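Quick look at what TrEMBL lists:
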BINDING   H119, H123, D129  Zn(2+) binding site
Amino acid sequence: MRTSCSPATPKVKLEIINLQKCYPIAPGRIKKLVRRIFSGENKDAELNLVFIDNKGIKKINNTFLGHNYATDVLSFAYHEQSPKNTIAGEILVSVEMAVQQAKSRGCSVEGEIALYLVHGVLHLLGYDDRKKKDAQRMHQREGALLAECGYCVPIPD
């Protein structure tokens, strides 16, 4: 991994919760990636990063968003609990989905997980992908962050 991905600020508190057995998680690389994102945004963060399977993310997606299907990543912000200049929230990543999608995107499973994490963090930072122009901006930022940290940059669907 490139040294440019090294964290610039120690003000990022991460709790990694692994609830899946599809693929081994590398906590050190995950923490380094997420810290790099927040150092570039000059923001502090308190996040739970939850790694689950398709069944788990489908249940949460249905319960909180009314979508009865598995998805790759979900982000939930804890606005009312956040100190000023601190992003607090939870990002749920379907590792099973990452395993399924990595091959079709031409990336490693670790790279696909990194994409989902970057995408989730950017949502917590206020990025949106509902409109085409906003989605392009978000995908450009995702690609830049992934490239800076030495990950495969997938071609958007």
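Residue numbers in this text run from 1 along the chain shown.
Positions of Cβ are set from backbone N, Cα and C atoms, glycine also.
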DSSP state at D129 (Zn(2+) binding site), helix/strand/coil: coil
Other CB atoms within 10 A, centred on D129 (Zn(2+) binding site): 16
Nonlocal residues around H123 (Zn(2+) binding site), in sequence order (Cβ under 8 Å, 6 or more apart): S75, D129
Cβ neighbour count (within 10 Å, all chains shown) around H119 (Zn(2+) binding site): 21
Extra residues within 8 Å (Cβ to Cβ centroid of H119, H123, D129), Zn(2+): V73, S75, G120, L122, Y127, D128, M138, E142
